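> Per TrEMBL, the features are:
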{"type": "BINDING", "residues": "A:G32, A:A34, A:V35, A:N39, A:S261, A:N293, A:L410, A:S414", "note": "Na(+) binding site"}
{"type": "COMPBIAS", "residues": "A:606-620", "note": "compositional bias 'Polar residues'"}
{"type": "REGION", "residues": "A:595-620", "note": "region 'Disordered'"}
{"type": "TRANSMEM", "residues": "A:26-44", "note": "transmembrane segment"}
{"type": "TRANSMEM", "residues": "A:56-78", "note": "transmembrane segment"}
{"type": "TRANSMEM", "residues": "A:99-124", "note": "transmembrane segment"}
{"type": "TRANSMEM", "residues": "A:176-194", "note": "transmembrane segment"}
{"type": "TRANSMEM", "residues": "A:206-230", "note": "transmembrane segment"}
{"type": "TRANSMEM", "residues": "A:250-275", "note": "transmembrane segment"}
{"type": "TRANSMEM", "residues": "A:398-419", "note": "transmembrane segment"}
{"type": "TRANSMEM", "residues": "A:440-465", "note": "transmembrane segment"}
{"type": "TRANSMEM", "residues": "A:471-494", "note": "transmembrane segment"}
{"type": "TRANSMEM", "residues": "A:515-535", "note": "transmembrane segment"}
{"type": "TRANSMEM", "residues": "A:564-586", "note": "transmembrane segment"}
Amino acid sequence: MPQDLSATPETPKEDDRPKWDNKFQYILSCIGFAVGLGNVWRFPYLCQIHGGGAFLIPYFIALVFEGIPLLHLELALGQCLRKGSIGAWNTISPYLGGVGSWMVSILVSLFYNTVLTWVMWYLINSFQEPLPWSVCPLNENRTGFNEECYESTAVNYFWYRKTLNITPDIAESGTFQWWLILCLAACWAIVYLCTIRGIESTGKAIYVTAIFPYLVLTIFLIQGLTLPGATEGLIYLFTPNLNTLKNPRVWLDAATQIFFSLSLAFGGLIAFASYNPAKNDCEKDAVTVAIVNSMTSLYASIPVFSVLGFKATTAYWDCLDRNIINIINEFDLPEESIMRQNYTSWISFLNSSYPEKIAGLKLKSCDLQEFLDQSVSGTGLAFIVFTQAIILMPGSQAWAILFFIMLFSLGLSSMFGNIEGVFTPLLELQILPKSAPKELLSGIICLISFLIALCFTLGSGSYWIDIFDRYAASVPLLVIAFFEVIGVVYIYKIKRFSEDVEWMTGRKLSLFWQITWRFISPLLLLIVFMAFVTLQMQKPPSYTAWNPNYEGFPMKEEKVYPPWVQAICVLLAALPCVCVPLVALFHLAKQKRRSKEPSLVPPEVSSCQEANSNFSHPKE
Amino acid sequence: MLRALLLILSVVAIAHAELCKPDAQNAFKVRISIKTALGDNAYAWDANEEYLFKAMVAFAMRRYSSKSTTQISNVLLCNVTDRVSFWFVVTDSSKNVTTVPGSEVEAAIRMNRNRINNAFLLSDKTLQFLKITSTLSPPVEPSTPVWLIVFGVVLCLILAGIVFLIVSGIQKHKKKNKESTERENLEEKVEVTLENGIPCEALDLKAGHINGVFAADDDRFTSL
């Protein structure tokens, strides 16, 4: 007799999906995810080796035709379907299993946080006076400096021995470095603290981690510009050399840099956008995030190159000074008779009068260009070159602390996106029972990741991180992004998608997006993928090892990966890609078994508007 | 008499020249960099400074061998250049034309290096005895490495944050559960009251359709 009273339809089903507190949090999270360590230590390097200012041309072309369209696609997809990466892909078509990007997010989270562990280790060591990487330790009987340190530099020694305790070969695993394990635990604890409730907690943390690096970059900019030699570095960086544009490698590097810099195809952006209200201008968001990311890269390269110019100039002056001292001592000339300015005239005079004596001194030729040419990217830039430059600055502790906190926040805000890409799909798949709190799921994710990442704290850990960086975080992303675009444009159908975007943004989709989504971006992705794979295949997979017993020490030794390591590389690259055809086959088989007449038509896909129809908007 | 004196002096001079020359046996080269060490406060190297140097070496020899026989005149300087660099040698006062063995001189200088440096306001690097290596001072090592302390502080802060967030999450969860059970109780009460007759909600659903039952019931009640 009693009706089903619970079906009181005065309010439609309340959507308990978490939401951003405000639009600014969402934009800041996307920017924080995109702006990461690569903006600081990869873009300036690329600018430098590819003809300075001229590199900006292929970079901006790639931004406009590849970066912004793909970014817009991902944000629109997440916002429309309101699901994480796995759910979104499943909604488009079950044949496009979305596990690929979820897997890439996990792999990248593992090794990215280990890089943050190194940053944290340097950070907590920056509180000492003098900085531990500025002096060589003494050897056992206190007669001289430690040999390994003496032959290379104190900075190299601190990085390779005191931090990594690196083994000479990837096959030698070495032991666990307990100090790195402690720092790794602290890093994962910080990540857990910030992502404990999903976007409710990262949304608060992002205010600090996304804005703080800009403050520090500004401080470094002001400091960097006042250093001697800064202008040389900047001129060297930005002098355009248009000839480099003829080299196709430059265009490939620009395209890959934009692609990886915007953190596309990780699933993190889809997750972020899925927490948006459905009627949100995703087009403007995409353009904003992409432009801010590129501007940040440019902005970061100025202090980086001021400091590098300063370092090169100081090294040049040191070289000159050493030569001057040798000459003065040999010829017993009074002090300060030869200065840096009249060095060349003195050298020519002495060479003509006493050539044998000069030859006997074995003076090194000091060339400023040569010092400026020593370009490094990646961890070498941050932990070797920059730390060396920091020692030369007055008040080095403060600069070191600022620099490493900045790197830490840059990396942490990118970690939020990675973890979100892992967390949101798991939350939707309801791995844990509904009554279990979200804190438990994020805790489990962080704990398991910490345990797996322990293998990066072994002696050979940094070689493995290079492998993960080169193979797991490069090719699979290109493949996944390609399938993403193809899936949305040709399976979900561009017409339906453009209607959805129109419904969300409130204006018609412009022709630019139609053309780029349909043709230009997939084509570019295909070309980049082919070129990338071809280039990787050309040289056998090798790495450089730090081996104190090598004859050419302190140069690093070139070694080839052993076969079992090469197999792992292939596995890392192939596994996320292979998910797409595997899941497609699985569903095809299921379909064949279920229905009598197998049809290749994918099941009816609910469009954006239908997915949002039972969600009432307070302001419509 | 005068001739004899001159003869002795010349012999001594020649002997000295023999004893003190570059690369002589038991001779050491000294290199001084005053301008590098003191910059604008640099003093000039003149005969008085040389006298002080001889005095310091004699002092070092006296302290080392603890016999007060070495005189300032026993220390011979030669080949002073503009650099400023020179050679010196210490003669033995007991035996006339010989020099003190180099190892003794080296040990004496080593023992008193600090005093000698300070007399000239210089350091090991700016007052160099070319064949005498200086002992390196060990780096200062605090008992607990500083980084462990900083790490401990950071970790404590993080753990405090995590515990706080988890506890507040549990409390919010409990409060939400309590609220939802209260609401359910309230709804049940409301349902109970509605169970007595035809529920009003059902009436509303039918969009104002007048139910004959109710209309009939109205007649049963007498109007006041």
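Counting starts with 1 at the first residue shown.
Here the Cβ of each residue, glycine as well, is placed from N, Cα and C on the backbone.
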> Can you tell me which recorded stretch out of A:26-44, A:206-230, A:398-419, A:515-535, A:564-586 has the most Cβ pairs within less than 8 Å of the transmembrane segment (A:176-194)?
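Between the stretches A:26-44, A:206-230, A:398-419, A:515-535, A:564-586, A:398-419 has the largest tally.
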> Do any residues of this chain, six or more beyond the ends of the transmembrane segment (A:99-124), have a C-beta under 8 angstroms from a C-beta of it, and if so which?
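Same-chain contacts beyond the ends: 37, 85-86, 89, 163-164, 179-180, 183-184, 186-188, 191, 265-268, 379, 382-383, 387, 400-401, 404-405, 407-408, 411-412, 414-415, 418-419, 421-422, 425, 449, 452-453, 456-457, 461, 464-465, 468-469, 472-473, 476-477, 479-480, 483, 572, 575-577, 579-580, 583.
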> Could you tell me whether the transmembrane segment (A:398-419) and the transmembrane segment (A:515-535) have 3+ CB pairs under 8 A, leaving out pairs under 6 positions apart?
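Since fewer than 3 Cβ pairs under 8 Å link them, the transmembrane segment (A:515-535) and the transmembrane segment (A:398-419) do not come into contact.
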> Which range wins on Cβ pairs under 8 Å with the transmembrane segment (A:206-230): A:26-44, A:250-275, A:398-419, A:440-465, A:564-586?
A:398-419
> I'd like to know if the transmembrane segment (A:26-44) touches the transmembrane segment (A:398-419) in this structure, counting it as a touch only when three or more C-beta pairs sit under 8 Å and are separated by 6 or more positions.
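Contact between the transmembrane segment (A:398-419) and the transmembrane segment (A:26-44): present.
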> Would you mind checking how many other C-beta atoms are within 10 angstroms of the C-beta on A:G32 (Na(+) binding site)?
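Its Cβ has 28 other Cβ atoms within 10 Å.
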> Is A:S261 (Na(+) binding site) helix, strand or coil when read with DSSP?
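The three-state answer is helix.
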> Just to be sure I understand the packing, how many Cβ atoms besides its own are within 10 Å of the Cβ of A:N39 (Na(+) binding site)?
25
> Compute the mean position of the Cβ atoms of A:G32, A:A34, A:V35, A:N39, A:S261, A:N293, A:L410, A:S414, which form the recorded Na(+) site, and then list in sequence order the other residues of that chain whose Cβ is within 8 Å of it.
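My list of surrounding residues reads A:I31, A:F33, A:G36, A:G38, A:S263, A:T296, A:S413.
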> For A:S414 (Na(+) binding site), name the DSSP secondary structure in the helix/strand/coil scheme.
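Going by the DSSP assignment, A:S414 (Na(+) binding site) falls within a helical segment, counted as helix.
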